[in-house]
Every structure is written in structure tokens, then in C-alpha cells.
Amino acid sequence: MLDFFTIFSKGGLVLWCFQGVSDSCTGPVNALIRSVLLQERGGNNSFTHEALTLKYKLDNQFELVFVVGFQKILTLTYVDKLIDDVHRLFRDKYRTEIQQQSALSLLNGTFDFQNDFLRLLREAEESSKIRAPTTMKKFEDSEKAKKPVRSMIETRGEKPKEKAKNSKKKGAKKEGSDGPLATSKPVPAEKSGLPVGPENGVELSKEELIRRKREEFIQKHGRGMEKSNKSTKSDAPKEKGKKAPRVWELGGCANKEVLDYSTPTTNGTPEAALSEDINLIRGTGSGGQLQDLDCSSSDDEGAAQNSTKPSATKGTLGGMFGMLKGLVGSKSLSREDMESVLDKMRDHLIAKNVAADIAVQLCESVANKLEGKVMGTFSTVTSTVKQALQESLVQILQPQRRVDMLRDIMDAQRRQRPYVVTFCGVNGVGKSTNLAKISFWLLENGFSVLIAACDTFRAGAVEQLRTHTRRLSALHPPEKHGGRTMVQLFEKGYGKDAAGIAMEAIAFARNQGFDVVLVDTAGRMQDNAPLMTALAKLITVNTPDLVLFVGEALVGNEAVDQLVKFNRALADHSMAQTPRLIDGIVLTKFDTIDDKVGAAISMTYITSKPIVFVGTGQTYCDLRSLNAKAVVAALMKA
């Protein structure tokens, strides 16, 4: 089974190409041109590229190159004959067009060689099946005939080799004892201390002697290692007659030092935060500058190098192969041509956690974009669709509006008012944790932060924010900022109106001169009407500068449902004429999904809003900005 067969001129014009199993022959052919033809390494007509074996034939008279590719694990004996037959027939059939040796004549020439090639391929395959009848192998040709006869004879009373090896240690203990022998079985000459040779009636081959010498050498050194191991074990003193008590896994612990809880503690005071490991809390990296998200790995780097090979080849061809860059247009794409490829792409996107409806819409958009487009000769339907899909995904992840919080905060400072950010989302996605990360990032950039605890529903929500505030205060104490308090928690306990607490927090921040107010809200499901009404009221009354939706990178179809219903609820329950909707997205738990990054596509596609932050860990420095190309590369990785 052939992957491809192509015929092109040394000027770079593809005259004819047959696509078999392989999706595209561009990469292997470019590698052949760069590594073999341009380097004048044509001594061998075979070349291996990744999983393919390429065989080629040069026609120096007409400046043609014939290349065939197939899987390197296959042994196709008819390939050489096929290349010769194709070369001969193609040259004779199109001699007139080829002899003109001009690019225009080759462009205008019609090389309808498909039927002839299939006929030659069928004849070559049939000829390879006609072989001489196989004969049965003789005993002299077998491996058993090459072994010495002595090695296949088992003497009565002789133990097999494996049992003899296992019983060597037991027999060594009995050696040197004064008692009578435990057995009277005859010992073969090869296992006794007697020399083995013709004088004892045993003849061994040269290979058998070498093998026995090797075994004796290994046994001598093995005994030395056993003695050294025994000596090291015996060095450790052991108490005789005493047995260490067994410690059960779930049996508790009776150690007094472990059970003693009477030591004084600070019970969560700020002094306890100062004694904690600051580096462990802070994490590694520069907190003031957001790094781009990196989704690559060692496999991705290798794939990236392979993907850059065709482009590098195009830059180095020059001269003789300078016209290789898509001068010939072969066919225009239709929906029937792209149907099977788009089905595979859709399944691939769904497997990478893209919502099913959005995957269908993306493939439909690509089909509309490519319908009627003319492909290049070396371009296949798969490569063309994949390239168009990649461009569409990058465009989706780069929306028109870009959220620059630092610039907006500086603008709010000039107006002498705090910059207000509200966090919303479903339960358990990490709103409070990522609020603390963003607080640390703002503190590293020199802005003071007031955290408003407006989650008055979940037990422990205020205590969680108090812990983050204490740790952030330890990282940025007032002493480092001229006595100015950089981070503070504003809370009114549980059961209060969240909108009223947010309003008081904003007024407090304005009076105390805080730069940013981060409002934490309670987690709520998108179908909970009372809680969604309370959220819409909070946003309408306080009019924050930025509304961030916090979502997990683990969700698939659920992401679409969450965002659609959140926006719908904010619009339905808002009392303003122009309701305030979600402005941006914070994508959390991105370090747990490997390359299944489809949630980023789903959330951005459904809202047309940017992903402002990406959470990648559990320390304050584990905050990244989205790199669209890295996400798309991870998404398209097979």
C-alpha cells in the first residue's frame, strides 16, 4: 500500500501526484529535497522521514524527479520496478511537453496519468505475488542442528539448570560439614570438580567451553557480592530476643510528643502569618508581570520543529527549486470534498472539551470560508481545512476588546475614585482563590486593594478571605510602603445584603484612598433565580468597572449553559435600560487539563469576551495571561 507517488520537475513544478494513504506528501518531499537532492547525497535512492520510507529516481535528461512514499514497516518488493515502469511510460507518453523545458509549457500541459499509474501499480503488485513455492526447512538448516549433542542429553539424576541454580545456595551451606554425604546420586563430569575434556569421555564445542567459562566467572563474582552484602548487614547491631512492636496503620498513636497539644499557639493572629514560609505562600515567578500561558511540552516542540520544516525548505530552495511555492492551482474545494475531514475535525474538537454545538458551528464556518477556494498542488483537503480552522480559533481567542486592568486603574486614579471589579460564577470554581491571586498581582504593581466580602451565604467564606488578607499583608507589610496599608478586608458578617455591603465597601475605599476594590460574591447555579436576582441587583446598584466570570477549564457543554444563562439572568433582572453583562473571563484550574483546552474556545465563542486571567496553580504567582497561539496548538495536537 503506497502513501503517495509524485512526479515533479527540478524547477519545482509538480506535474502529477497520486495520494494514497498519506494525507499530504508536502513534508516528506520537502525533507527529501532539502536533505538529499540539494545536498548532493543521491548515492542511495532511499530516504527515511519519520514513519515513511521514500524512494526516488532522477531523470537527468528531462530534469524530472519521481518519488514514492510508503510506511517504513512495510517491505514492498515491487517499488523499484514500479518506479522504473512509471518513469519509462511517463517519459515516453509526454516527451513532447517535457522536451520544451519551459515553465509555461509545463503549466499548460495536461498530464492525465492516473489510469496508467493504477494499471502499472496493479501489475507490479500481481508480479510480486508470483513467487517460487516454499520448501520445507531441513534439519541441517535449523537452530537445533547447530547446538552440540551433549547440551541436549539429560543424564539420569541430573537436575535441570534452573533447579540446579536455585539449589546452589542450599548446597553451599552443606559444604564443609563433617557429616556423611546426603546423596549418593552420580554427579556429572561437567558439574564435578573434574576437568571436562576428551580424557573424561566428554567432548565440548568451542562455544560450549566459552559459555561454561563465562558462568564460572559470574559465579565467582556473585559469591563475592553476596559476602559483601552479608558483611554490611551484619555490621548493624541487633538486639536478640526482642521483637519490634507492630504499628497498625489505623491503630492510633500513643506517642506522648505527638499527642501533646498543650503548646502555646497564636491561634491565627498576624504574628502567625509572619512566621510562615513566605516563599511557599508567594510561589515562584515575578508577581508584578503576568507571563504568557505555555501549553507546550517536549512532544509539542518536536511537532513544531517538524511543522517548520516545509517553511524552512521554501526559504533554502532558491535557484533550481525556487518555483516550488504553489505555482499550480489544482482544484476548487466543495462541501462534498470537505465533509469527511470536517467530521473528523468536529470529533477532535469535542474530544478536546469544546462544546458540541460550538464545534459544529466552527466546522460550518470553516466550510463556508473554504467553499470554492482553489488549493495548491501540494495542498490536501485535510491540511487546508486544518489551517483554516487554526486561523479561526486564533481569531476567536483574540476578541476585539482587550481588557487592560493596569491602564484602567491608572485612569481611575486620575479621577480620584477606586476601580471596582466584581467576581461571579458557579459554586466551587475558585472565585476567592483567584481573587487573592489578582490581589497579589495588583499589590506587586504598587496598587492598594480593598477586598469586599460579599459572599454572605457560604459558611467560611469570610474566614477564607481573612486568611488571604493576612498572608497578603505579610507579603506586603505597611513598613515596605511607607506605613500605608496595602490590603484590607471589608466584611459585615453573614446574612446581610450583598449589594449593600459592596456599596459600603466602595464608599470606604473612596474615603481611605484605596486604588482597587475586589468584590467577592457567592457561588450560584445559573438556574437559581433568587441568587441570580441578587447578583443582578449588586451589579446594577454599584456599577462596577469590570465584571469577571470565573469558570473552570474542566467543563465542556456546561460552560455554554453557564455563560448563556448568567448573561440572560443579568439582563432579565437588571433594572437599567442598558443592562450590564459579563465583561471578561477568568479561567481556573488550567493546570489540571493537559491539552483539553476546549473550554477556552467555548467560553470565548459564546460571549465574544476575552479571557483576562488564567489560573495555573495554588500559589499567588500562578496567574497567567492567555496565549492564543499556544492554546490553539494544544487544541489541535493529536
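Note: Cβ is positioned from N, Cα and C throughout, glycine not excepted.
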Per Swiss-Prot, the phosphothreonine among THR263, THR578 is THR578
Phosphoserine, as annotated by Swiss-Prot among SER142, SER151, SER473, is found at SER473
Feature phosphoserine (Swiss-Prot), candidate list SER127, SER177, SER432, assigned to SER177
Record (Swiss-Prot) lists phosphoserine for one of SER46, SER167, SER296, SER334, namely SER296
From SER228, SER286, SER297, the annotation phosphoserine in Swiss-Prot is attached to SER297
Annotated as phosphoserine in Swiss-Prot, from the list SER231, SER298, SER307, SER332, is SER298
One should report the C-alpha separation between PHE590 (GTP binding site) and SER473 (phosphoserine), rounded to whole angstrom, as 27
Comparing local Cβ density (other Cβ atoms within 10 Å) for the binding-site residues GLY425, GLY428 points to GLY425
Counting other CB atoms within 10 Å of each candidate's CB, the least crowded of the recorded positions SER473, THR521, THR578 is THR578
Here the mean pLDDT of the region 'NG domain' (419-636) is 89
Judged by other C-beta atoms within 10 Å of its C-beta, the most isolated of the binding-site residues LYS431, ARG524 is ARG524
Here the binding-site residues are GLY425, GLY428, LYS431, THR521, ARG524, and the Cα closest to that of SER473 (phosphoserine) is found at LYS431
DSSP, reduced to three states, assigns LYS431 (GTP binding site) to helix
